[in-house]
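Trainee: This is the structure I want to talk about, given as structure tokens.
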């Protein structure tokens, strides 16, 4: 193949990306980066490079991270038992000290560390810094009864001031999913999927992207590995009761986002090279995309 022909695929890629670059320029995207990906060095690098590329392409990325595996490992090291109820970690006062230490002192530093090689743009904050995330104690229902799971928070308010200030300064905010209560001052462990969705809605983000270690939302798991490529908010709401516990907070987050002003929410496989770029800048994309319901005829003509 000649040098000219070698360059043609690159030109086609740029042509395909151009309308998406134009559409997304100046828009905010919120990317939830899971703790599972942080234990894989290759995935960390694959996440950092595209994040900086979309920044330099004119988008405004905000990263929200979890740290489940790292928290579990540290709890084990301290001899504290990891217990889960309703898919959420039971967080005692002692466990909360570990959660704060791991999310703000270890995982966030890791995200920042793999990002800094691409430029001094990432700035780490938690839900305690200038209170971007406020929460109250969350009591999930199990068999119809509320259950106390300790210092686990339900988001009550998002203050976008600190995040917007960083974005206006050309930075990439990296947010740990810890929140402080407005009433009693307690600090809570907030599910990172939930925090990312609430932040995306408050920022009026163009899209919420949830990076995970599966291909997307499966149509009939475990009977089929067929991935649903696109569904509406109402279609997703119908599926929620039958989803696996691990997918529920991710898909609930997507549902909350698109019903509160976010144009699209996507669950994508972080193991796929350049998955963020493929989802944003190509016609096909990867993973599962959730979109708002189409307005009814009466809504459209009123």
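Placement of Cβ uses the backbone N, Cα and C atoms for every residue, glycine included.
What Swiss-Prot lists as substrate binding site is 67, 68, 89, 189, and the listing cites sequence analysis. Swiss-Prot lists 32, 250 with the feature site 'Transition state stabilizer', giving sequence analysis as the kind of evidence.
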Trainee: Quick one: pull the CA-CA distance for residue 189 (substrate binding site) versus residue 250 (site 'Transition state stabilizer'), whole Å only.
Mentor: 16
Trainee: Check each residue in the chain of residue 32 (site 'Transition state stabilizer') that is at least six apart in sequence and keep those whose C-beta is under 8 Å from its C-beta; list them in sequence order.
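Mentor: Once residues fewer than 6 apart are set aside, residue 32 (site 'Transition state stabilizer') is near 63, 64, 65, 66, 192, 193, 196, 208, 209, 210, 211, 253.
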Trainee: Using a 10 Å radius around each Cβ and all protein chains in view, which of these binding-site residues has the most neighbours: 67, 68?
Mentor: 67
Trainee: Roughly how many Å lie between the Cα atoms of residue 250 (site 'Transition state stabilizer') and residue 68 (substrate binding site), rounded to a whole value?
Mentor: 14
Trainee: Would you mind listing, in sequence order, the residues at least six apart from residue 89 (substrate binding site) in the same chain with a Cβ closer than 8 Å to its Cβ?
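Mentor: In sequence order, 68, 71, 82, 83, 95, 149, 152, 189 meet the Cβ cut-off.
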Trainee: So for residue 250 (site 'Transition state stabilizer'), how many other CB atoms are inside 10 Å of its CB?
Mentor: 26
Trainee: Count the other Cβ atoms sitting within 10 Å of the Cβ of residue 189 (substrate binding site), across every protein chain shown.
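Mentor: Cβ-Cβ neighbours of residue 189 (substrate binding site) within 10 Å number 29.
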Trainee: So the record assigns 67, 68, 89, 189 to substrate. If I measure every Cα pair among those residues, what is the longest distance in angstrom, as a whole number?
Mentor: 12
